[in-house]
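To start, the structure itself, in structure tokens.
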Amino acid sequence: MTATLSSFWGPVTSTTDCCEKNYEYSSYIAEFFNTISSVPTILLALVGLVNAHTQRFEKRFCVLHISIMALALGSMLYHATLQRVQQQSDETPMMWEILLYMYILYSPDWHYRRTMPIFLFVYGVVFAMVHSVVRFGIGFKVHYVILCLICIPRMYKYYIYTEDVSAKRIAHLYVATLVLASLCWLGDHVFCKEISRWPINPQGHALWHLFMGFNAYFANTFLMFCRAQQCGYSPKVVRLKGVLPFVKIQKPIAISKSK
């Protein structure tokens, strides 16, 4: 939207400008609420990273939490500047993250174990290189949604084969936050002209960040539970301070000693 203060970063060069007045609170931050709303995502990913590391989950989960932190930082940089280069620091990590989800979801049944990570790695590198030159615009969103849809059948399979009630509740929270986030994003995008005339902007895109931060945490926690079951680690869901769920595991003695 139109700037209300002078811009430190110059004219907007990104392909997307959300429904928040630019530089309303600071000449150094283009979209204030869209920038700070990624902080909870970083904190939640940090909690997940500490849990995955201290309990010695597979390294893939540490990488997954770190990738979400990188995505949130890239998003903050993008919304703070609204520059094309910084926009790539948001969109490229989004692609890498969804490719990592695809690996975690499908690797247990992949017959050619070395082929899958190599293919996904090359795919991510090639996308980053092409994306640095070509402005995809709507094409990026369509591409990202397609990759997300590829993950859904596998997530549903994990859900129906999970009998633990607490783990299923985490899956329900994952779906609920995804729906709420999508509604906020659509409302902010579709009704921006109407919203701009309201006395108070509900900051739909910032709410999208907030809900998606929790969505990523719930998705990762559910996948950690399912993977722990596959590995025979006797997982159970406990709550941090009685509120935030996380997975606690008990590895077999022989496995614990060998590692």
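Note that Cβ sites are derived from N, Cα and C of the backbone, with glycine treated the same way.
Automatic, uncurated: that is what TrEMBL annotation is.
In this view, GLU31 (Ca(2+) binding site) is surrounded by 27 other Cβ atoms within 10 Å of its Cβ, with every protein chain counted. Here TrEMBL flags ASP17, GLU20, ASN22, GLU31 as Ca(2+) binding site.
Among the features that TrEMBL reports, transmembrane segment is placed at 32-50 (among others). A Cβ distance under 8 Å defines the sequence-distant neighbours of the transmembrane segment (32-50), meaning residues of its chain 6+ beyond its ends; these are 18, 20, 24-26, 61-62, 65-66, 68-69, 71-73, 75-76, 79-80, 203, 205-207, 209-210, 212-214, 216-217, 220-221, 224, 240, 244, 246.
The transmembrane segment annotation in TrEMBL covers 62-82 (among others).
Annotation comment: TrEMBL describes HIS79, HIS205, HIS209 as Zn(2+) binding site. Long-range Cβ neighbours of HIS209 (Zn(2+) binding site) (same chain, at least 6 residues apart, Cβ-Cβ under 8 Å): ASN34, SER37, SER38, THR41, ALA72, SER75.
The transmembrane segment feature in TrEMBL is assigned to 118-138 (among others).
The transmembrane segment feature in TrEMBL is assigned to 173-191 (among others). Residues 18-19, 202-205, 207-208, 210-212, 214-215, 218-219, 222 of the same chain lie 6+ residues outside the transmembrane segment (173-191) yet bring a C-beta within less than 8 angstroms of a C-beta in it.
Feature annotation from TrEMBL assigns transmembrane segment to 206-226 (among others).
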**Cβ-based isolation winner (fewest other Cβ atoms within 10 Å) among the binding-site residues HIS79, HIS205** = HIS205
**Fill in**
Cβ neighbour count within 10 Å, max among the binding-site residues ASP17, GLU20, goes to GLU20
